[in-house]
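Asks: Supplied in structure tokens, the structure appears directly below.
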Amino acid sequence: MGSLTFRDVAIEFSLEEWQCLDTAQQNLYRNVMLENYRNLVFLGIAAFKPDLIIFLEEGKESWNMKRHEMVEESPVICSHFAQDLWPEQGIEDSFQKVILRRYEKCGHENLHLKIGYTNVDECKVHKEGYNKLNQSLTTTQSKVFQRGKYANVFHKCSNSNRHKIRHTGKKHLQCKEYVRSFCMLSHLSQHKRIYTRENSYKCEEGGKAFNWSSTLTYYKSAHTGEKPYRCKECGKAFSKFSILTKHKVIHTGEKSYKCEECGKAFNQSAILTKHKIIHTGEKPNKCEECGKAFSKVSTLTTHKAIHAGEKPYKCKECGKAFSKVSTLITHKAIHAGEKPYKCKECGKAFSKFSILTKHKVIHTGEKPYKCEECGKAYKWPSTLSYHKKIHTGEKPYKCEECGKGFSMFSILTKHEVIHTGEKPYKCEECGKAFNWSSNLMEHKKIHTGETPYKCEECGKGFSMFSILTKHKVIHNGEKPYKCEECDKATHAGEKPYKCEECGKAFNWSSNLMEHKRIHTGEKPYKCEECGKSFSTFSILTKHKVIHTGEKPYKCEECGKAYKWSSTLSYHKKIHTVEKPYKCEECGKAFNQSAILIKHKRIHTGEKPYKCEECGKTFSKVSTLTTHKAIHAGEKPYKCKECGKTFIKVSTLTTHKAIHAGEKPYKCKECGKAFSKFSILTKHKVIHTGEKPYKCEECGKAFNWSSNLMEHKRIHTGEKPYKCEECGKSFSTFSVLTKHKVIHTGEKPYKCEECGKAYKWSSTLSYHKKIHTVEKPYKCEECGKAFNRSAILIKHKRIHTDEKPYKCEECGKTFSKVSTLTTHKAIHAGEKPYKCKECGKAFSKFSILTKHKVIHTGEKPYKCEECGKAYKWPSTLSYHKKIHTGEKPYKCEECGKGFSMFSILTKHEVIHTGEKPYKCEECGKAFSWLSVFSKHKKTHAGEKFYKCEACGKAYKSSSTLSYHKKIHTEEKPYKYEECGKGFSTFSILTKHKVIHTGEKPYKCEECGKAFNWSSNLMEHKKIHTGETPYKCEECDKAFSWPSSLTEHKATHAGEKPYKCEECGKAFSWPSRLTEHKATHAGEEPYKCEECGKAFNWSSNLMEHKRIHTGEKPYKCEECGKSFSTFSILTKHKVIHTGEKPYKCEECGKAYKWSSTLSYHKKIHTVEKPYKCEECGKGFVMFSILAKHKVIHTGEKLYKCEECGKAYKWPSTLRYHKKIHTGEKPYKCEECGKAFSTFSILTKHKVIHTGEKPYKCEECGKAFSWLSVFSKHKKIHTGEKL
């Protein structure tokens, strides 16, 4: 039995029979015939469409269709297209024009007689084609028609004519609507259906209607998933036999259809036809909506669906709808995971053959599609089409939401997701949803850890082939894209997209578009949460994570989760420590190629990004963007907690950690935690000590390149960041930012413990440690702990004596750059920071900040032990050591311990004698900057600190504070024992010792104990005789620098401190202050024994020794003891006979400066101290004090032996010697002894005959001043 044919299942009607059928019966006939044909198609029997089916599909009557017209095979075949040519019966046949429906270009000479047909010529071009059909037809139906010299057999002449039309290419049939021509009536009919939208065949499943039943059948297979046609080679199944036929060509590799223009071959004629359009550029199919033209009608149909918004093809798995059935089939492969098309080169598999074809170009490198405008070649026509739009600027696809235009529909589709927020692709592992399937596929690899693309060099696996390709370049250094102009090869190659604004070029047009937004400021992507806009959708996507806090990317090693896959990938390298990207200059390796590229700019100095505002250039575009915000003042990122705004989102994120207190990054070395991984990375360098960035000027090395760049500005003096308020310039932007707070006064960082607010987060962090007392950084040398690593590093220099910072002016070196900066201000005299209250200027902002406290009086730092408050934390820290007795800083020379390093530094100068601070006015040198600063005021006479009560001005704030207490009589420090109040805590501390009698400071030499360490130190010098401070004028040595300074004033005669009351001048401000108390009459220090009051506590202490009889200071020469060290010093001169104080008037020399001062008054007759009772004047205040007793008759000093009272302690002391018989002062000439040194002095004159006191009136000379004074009264008439 032969094969089943369409004729076996077809029914024929004559005209009479057809007219007997009603409309329903005629429709039934049509449906049955079409259904029978579809079944044959489904079984693979019908290889082509009979004319009957064509007419029935077109709705035409078939009553005169004859039997031979219902067969599905012709005796004649054109092997060029493997298309049978159907014979027809009569020349008058109404269907004579409907014969050859698909192809137009076979010549008659290409026809041949199929097997069993003896009277038909063979087609001489394609001899192999006829064997592909199995069906046969009897030769009795043949009839020969001659055409020229060819014997081509047709059933009708019309068939021959129609076949000839195909070879000639003539198109006689024209569409009046679109002015398009066709060679066949069937083609014209098909064309008409496109714009009339005849859709007779409806799908019951999806409701969609089609023009042709075959299309409906194909569509239904999308719903059922039915694929009855299977490939024997690879097992892949297809829904249509024709698709299987096309598919088979893949395995054979046969490409019989060649393009005459470029020589490229194809395995299907349809593909060749499409290809030819590239050369002709013909686009006859135009869209009525937007005017866009297409080369294929199918593309036009697909395009129209864009305007209609129609998406009839729905996926049962996820519900997503598509406008084309082919897209739905491709989509289904996502769910099935099916990838039957494998690349023989690299083994990669694909879901579609077209994708495999595109992929193969990667291996061949072929680029057949060339742009006529710029000559650029591409691998695929779609890329060329996309490229051409760059030149035309065409963007036909408009977004209805925002009006934005796009060059491709696919880009529009992706863009629309932004507005809808639709994320149909969901991850089954973690539930995360994506806008596009490609994103989901990439995401899945996170969970699977799949890395199918292996590097043959190092074995490393990658999740994407593109990443593997990039990776390979590391090993081979391959640069496949070579420029014909300059022979230079690069990895990325050509950058044809140039910005007209700034000239920057890009590889891709998308990059250029994004770049242009920098100039236009366009930010089309808006965040619905906070309203912030972004220039790219990807940045918006990343931004959204800030609001959701979602972290779907988890590290399998340590469990840490991240917001973005890129961050996870970067994090994973921490565990692997892989750094494949190496710098050829310095050998440093990096885990990302982008970081290597940025790193290389350190060596090249390249800064391609320029700021148009100030001309400053940057190595990174991100840095330029951040910099621009400085000019714009834009701070779009706001903190919801405190309202503070920031220029960068990263800064906001860092800021948020302040409120949250979150510190997830922990250091394995020391356990310290950090809020950011980058800070942890920087911290780790402390433990490794690695410093790869070296300064070529001074050789100093740094941990980070940014620090090196900042350091270089020290040498260059570059200060690119300028303050608009005051014009001051800074070397770094961060310092400028901090500086600006000075002008605004803003303090956004608040302490939750005590409520104190700060300008900077760093200050708050430092402040918090006061409450926690946390000190994680410990010194290995001495065990001292610190709350900041920076302080520990500075502290270590004490032990190493490292001083890397050198002053170019004077050569002095410093351990800290801040100290060097402060020191430089001495040479420059620069004081840019001015106090608004009093106008005083300072060289550092920190000093100005400290100074301001004087005006506010604020004391936020309180001691928990005693309740005392301080203005600065450093003072509190220093104070605390009083309670602990801690003295960690030891002097290597003498072993003495100090509570602060600064005090140790000052102390060390005693041993070295170094005096680096020199006064330009008088040439005087000083060991310390503070003393030097005070000295300068001597010349300038500047007094910035003014008392509001009396208008008096002072040079230092401490003196003003002390002075103010005179007006307020403020004595806040009360002692509970006696109720007495004191103006300062230090005086209270000293006072307490009186009640406790405590003397903790003991001399190891003689066992004597003292109340204060300073007294013990003074005392020790008695035993050691240490006098390290020597006078260059007279070689006299002193135990203390203050004594030497006082002594020098003797030689210089310098007395810059003058009393405004009486005009008296003093060498020292302390002496002037003491003197002023004389005028004020202020005597706050009262003796509890006798009620006597004193100006100074030291005077009271000396006075008390009268009552106690204490004389701690002993003369080693004669054994005599004294109540004060100063009296002992004076006494020692008796034994040495030294008289360093010489009178310039008469040449007389004295042992003490006080005696010289008293002597000088003889020449001037100056008596500034007047008695208010009698008006008498005196040369010294002490004499006035003694004189006053005459008027009061007061006798405070009583002898315990006999009860006799005296006005002065000296008289009492003299009196006591009557009872004791003590006469310690012996005359070396005659051996006579005296009870007082003054009597001995007077006695000595007998032996010398010296008479220094001469009367100017009569010329008489006297040995003693008292006798001389009495003699003067003879001439004046004054009563003796």
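Backbone N, Cα and C define each Cβ position, glycine as well.
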Asks: Suppose you had to name the range Swiss-Prot annotates as zinc finger; which of 8-30, 77-99, 721-743 would you pick?
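Replies: From Swiss-Prot, the annotated zinc finger range turns out to be 721-743.
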Asks: What range among 102-124, 861-883 does Swiss-Prot record as zinc finger?
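Replies: Checked against Swiss-Prot: zinc finger maps to 861-883.
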Asks: Could you check which of 134-156, 525-547 is flagged in Swiss-Prot as zinc finger?
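Replies: Based on what Swiss-Prot states, zinc finger spans 525-547.
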Asks: Same chain, outside the zinc finger (425-447) by at least 6, Cβ under 8 Å from its Cβ: which residues?
Replies: 318, 331, 334, 414, 417, 463-464, 550, 552-553, 565, 568
Asks: From the DSSP assignment alone, can you count helix, strand and coil residues within the zinc finger (525-547)?
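Replies: Counting residues by DSSP class gives 11 helix, 4 strand, 8 coil.
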Asks: Looking at the zinc finger (425-447) alone, can you tell me the average pLDDT?
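Replies: Within the zinc finger (425-447), the model's average pLDDT equals 73.
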Asks: Please report, as numbers and ranges, the same-chain residues at least 6 past the borders of the zinc finger (1225-1247) whose CB is under 8 Å from any CB of it.
Replies: 1131, 1134, 1214, 1217-1218, 1263-1264
Asks: Per DSSP, what is the residue tally for the zinc finger (425-447) in helix, strand and coil?
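Replies: Helix (H, G, I), strand (E, B), coil: 11 helix, 4 strand, 8 coil.
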Asks: Going by DSSP assignments with H, G and I as helix and E and B as strand, what are the residue counts for the zinc finger (1225-1247)?
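Replies: Grouping H, G, I as helix and E, B as strand yields 11 helix, 4 strand, 8 coil.
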